[in-house]
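Undergrad: Structure below; questions to follow.
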Amino acid sequence: DLDRGHRSLFCQRIHIFFIVVNEFCERFSYYGMRAVLVLYFKYFLRWDDDFATTIYHTFVALCYLTPIMGAIVADSWLGKFKTIVYLSIVYTVGQVVLAVSAIHDITDTNRDGTPDNMTLHIVLSMLGLALIAVGTGGIKPCVSAFGGDQFQDHQEKQRGTFFSIFYLSINAGSLLSTIITPILRGQECGIYTKQKCYSLAFGVPAGLMVASLIVFIVGSGMYIKTPPQGNIMVKFFTCIGFAIKNRFRHRTNEFPKRTHWMDWAEEKYDKLLIAQVKMVLKVLFLYIPLPMFWALYDQQGSRWTLQATNMDGDFGILTIQPDQMQTINAILILLLVPIVESVIYPLIAKCKINFTPLRRITVGMFFAALAFIAAALVEIQIERTLPKFPSSPEVQVKFINMGNKSLDLTAGTNKVTLEAFTANADYLTFEQHFDLTVGSDFNYSTTLTPGSRNTMVIFPDTTPPKLMPVNIEKCPPARFFNGLDSDLNVTIGNLDFGDVNFFSSCLCHKHAAEECVYTQELGFGSSFTLIIPPTFAFGSNCEQSIRPVLDMEQNSFHMAWQIPQYFLLTLGEVVFSVTGLEFSYSQAPSNMKSVLQAGWLLTVAVGNIVVLIVAEAATLQDQWAEYVLFASLLLVVCVIFAIMAYFYTYIDPAKIEAEFAQIDPKQKEKRRNSRKDSVEQHKEERRSSDSSYDNEEQKQTRI
């Protein structure tokens, strides 16, 4: 708790809470949108799992590439406050555009619930996501630093308390959004037809982003706004660039070798900066294998969410949506961080084991690999319960008899007898083209879409019998075939497209006040065809004459089996990520911690790019095999990193900086001039042989 003095200082700086609220709203907006994004791609934009995964990870990669741009703009040009405001506006516009893109009614001209101009929705979605990537990435490095600027140097305890509250707001926004946004997605909305409400799921985060921007601007007059003073990342890269260029200019044997290739920057930069760059490069070299961890970690929001769509989310007292399973990660982080820090690490220390930060990072990667092995085992069990869809050029067909008497069929080599208003129990597999004989007199040559699963509805009372093929993959969890001569109004009371346990409908006669209530248990992933026969009549027990035909079995493998893989991955994250940030901070020079932070974020971006490369290059037919591939790659990287860590020597940046700070400025200048004189001496020797080269060298070494 804060003492009275601390409370007084916080009261004097009440505007920092505007920053905290801003961060909470922004994180709620980002993680809430991201939680449902891959399902939006799959079910609204109708993309397959692989393409949805590709676009998802492309978006995440952009979100972690743009922080470098935001930091440079803030420190070198606009300052942190203006950068946050301007990019928040871009961010908000992107969220609004994404929410608009999810309104199916704007292009649903025939009012059938399906957008007629999907291209427009895709363009708006991609535009919105691009703006969001620029906005969220651009403000990411600025908000926390801007909050730290609100405290003076002697207020270290208050600044530490602020950062604790700040990061608590990040976790709170993430946790709440991953719970709430999938619930909003599960609602039904629409002007003409009711569909999954992705527009609401994106619209609420957009509203939170508007609130975030307003709250932040309200405190404008109270903030301490530090003017831009130049970006250390720019100095970092220019110093490296000059060293490389200068080394290339003096690549011949005539010039003496230097201890480190960065020493070739001494003609322009002081030794303290060069030493700091060396320390950063030493850590960045260790970062090279780290993206593979993030390649696995960020698949929680893509592959693992898609995996959950094929599982049963009925937990008895509550129903879990597939995209809500990501909440387990946030909950486990809150539980495991104190346990690992207060129990596990002390126990390891008591066992006299030197569990260094780099060893912890290695163990974290190992746990992530185990998580994907667990995911592969779960996927194998799921595939055993899923229906076996045909591969091209085969098709699968189930026949439904809409007649009031039994019907004999010959389909290919299969002979089937259907009772009145029933269907055959199992799907039959045929080539794309097959012959169908209805009764004994009517022959048909049937062609269906290759690789599809269909129901063939037969009306035998017409002459000739009428056939109506329906691709069930494009159908909702329940559909009706009306065998009456008059129209019926069908009211769906609690239909949730397979995500709820019961489906209730009310059948109402169009010109009368009669109704019939029918209840059908659905379950996750199941779908039914409900036959209303010509013999149907309103009245008591009317629901008994409705005949259900099972099109798709419900998911039977429970979502709870994903918990072990989430536990292993979260444990790996706690050991890997927390330790990695701590290690980077301890090994970074005082003025270049932001450079290593940018490098850390860059590993996340590269990790998501790795997902794109591996997923596209592997072209594995089985999802479990892809999980095993990723786990194997991470284990290989884990071994490589362990070897690199073995040869790493820990340093004390403060001690190294102090050594350079003690060097007398005149001595520093003397050493620089000595180095320049050495270079000039070699140039003098070259003048006699190549005057043009001499002129160029004078131009290149001018300081």
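Including glycine, each Cβ sits where the backbone N, Cα and C put it.
The annotation compositional bias 'Basic and acidic residues' is assigned in TrEMBL to 675-689. The feature region 'Disordered' is assigned by TrEMBL to 665-703. Taken from TrEMBL, the feature transmembrane segment applies to 57-78, 84-106, 118-139, 165-185, 197-224, 279-297, 328-349, 361-382, 563-583, 595-615, 627-648.
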Undergrad: Do the transmembrane segment (197-224) and the transmembrane segment (84-106) come close, with at least three CB pairs under 8 A (pairs 6 or more apart in sequence)?
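TA: Touching, yes - the transmembrane segment (197-224) and the transmembrane segment (84-106) meet the threshold of 3 or more Cβ pairs under 8 Å.
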Undergrad: Please report, as numbers and ranges, the same-chain residues at least 6 past the borders of the transmembrane segment (165-185) whose CB is under 8 Å from any CB of it.
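TA: That would be 19-21, 23-33, 35-36, 39, 144, 147, 196-198, 200-201, 204-205, 321-324, 326-327, 330-331, 333-334.
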Undergrad: Residue list, the transmembrane segment (118-139) vs rest of chain: Cβ under 8 Å, 6 or more residues beyond ends.
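TA: Long-range Cβ neighbours of the transmembrane segment (118-139): 26, 30, 33, 40, 44-46, 59, 62-67, 69-70, 73, 83-84, 87-102, 104, 106-107.
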Undergrad: Where among 84-106, 563-583, 627-648 do we find the most Cβ pairs under 8 Å to the transmembrane segment (279-297)?
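TA: Answer, by Cβ pair count: 627-648.
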Undergrad: Using a cut-off of under 8 Å between C-beta atoms, tell me which stretch among 84-106, 328-349, 361-382, 627-648 contacts the transmembrane segment (563-583) the most.
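TA: Counting Cβ pairs under 8 Å, the winner is 361-382.
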